Amino acid sequence: MNVLNYLPLLNILYALGSVIVGYYIAKKVSSLAEHAVNKRFSPHQAMLTQRLMFHILFALFLINAALELGFNLKILLGTAGILTVAIGFASQTAASNLISGLFLLFEHPFRIGDTIDVKGIIGTVVSIDLLSTKLRSSDGKLVRIPNETMIKSEIKNLSYFPTRCAEIVIGVAYSCNITFIKSILLDIAKQCENVLADPEPKVIINNFTSSAVELKLQAWVKNDLLGTTKDYLQEAIKTRFDQEGIEIPLPQWMIHQN
């Protein structure tokens with residue numbers, strides 16, 4: 001017969017009520033904890049605190065309900081211990097990701113909303129979970145990166161500082177007047193309202209190739225204006241070069257025939 005037939009109806013109702021009430025209490029308390037943590041720490045720390053608090057509190061109410069239904073606490077703890085060991089052996093990667101997630105929580109090299117670069121993958125952080133970090137790429141794709149990979153990789157936080165350097169590399173012919181071209185590039189940068197006056201924009205010789213002298217324009221802008229400013233500067237450079245009759249040389253290839 002079903003074991004529930006031997007239990008008083010009151011015990012069953014109490015256990016069921018304990019689960020329902022426990023769920024709402026855990027939900028409410030964890031939400032309050034998230035709100036409190038969010039005032040002093042980052043949003044993802046608050047989010048993880050909320051999840052941990054909810055699962056811990058709800059687990060306590062589930063244990064209470066199980067005891068009310070007549071389950072032996074020692075058996076429950078023993079079963080939980082065996083399951084923990086079994087799961088630990090079966091999911092070492094998950095455990096590693098969990099530990100890595102806790103390291104990210106306390107180190108917080110980035111926050112939700114930051115744009116980061118992980119092994120050439122660039123995206124905006126939309127979620128930092130215990131097992132993985134999720135990014136939204138510029139083309140709208142969701143990228144899931146295990147936290148173990150995150151903790152072992154070089155992470156470039158492109159949003160950490162309020163300003164970034166817009167760098168544009170231009171190749172010009174060896175016969176060109178480098179000083180004159182530098183002055184043109186600086187003039188274009190200074191006329192752009194998005195370019196900051198401090199630090200001042202500058203132009204340096206970046207490289208000597210087989211067909212051109214590479215110049216690099218460096219201009220500092222606000223972080224959120226980097227993309228639009230680079231596009232504006234490149235278009236302005238092309239227009240000005242056409243007006244001045246400055247050609248950008250094509251790469252030269254030499255073919256040797258035996």
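Count begins at 1; order follows the chain as displayed.
Placed from the backbone N, Cα and C atoms, the Cβ positions cover glycine too.
All annotation found in TrEMBL is predicted automatically rather than curated by experts.
Looking only at the domain 'Mechanosensitive ion channel MscS' (95-159), the predicted model's pLDDT averages out at 87. Annotation source TrEMBL lists domain 'Mechanosensitive ion channel MscS' at 95-159.
Per-class residue totals from DSSP over the domain 'Mechanosensitive ion channel MscS C-terminal' (167-248), listed helix then strand then coil: 36 helix, 23 strand, 23 coil. Taken from TrEMBL, the feature domain 'Mechanosensitive ion channel MscS C-terminal' covers 167-248.
Residues 53-55, 57-58, 60-62, 64-66, 68-70 of the same chain lie 6 or more positions beyond the ends of the transmembrane segment (6-26) yet place their CB under 8 Å from a CB of it. Per TrEMBL, transmembrane segment is recorded for 6-26 (among others).
Listed as Cβ neighbours of the transmembrane segment (47-67) (distance under 8 Å, sequence separation of 6 or more from its ends, same chain) are residues 14-16, 18-19, 21-23, 25-27, 29-31, 33-34, 37, 73, 76, 101, 105, 112, 128-130. TrEMBL lists 47-67 (among others) with the feature transmembrane segment.
Positions annotated as transmembrane segment by TrEMBL: 73-106 (among others).
Under DSSP, residues within the domain 'Mechanosensitive ion channel MscS' (95-159) fall into helix, strand and coil as 19 helix, 26 strand, 20 coil.
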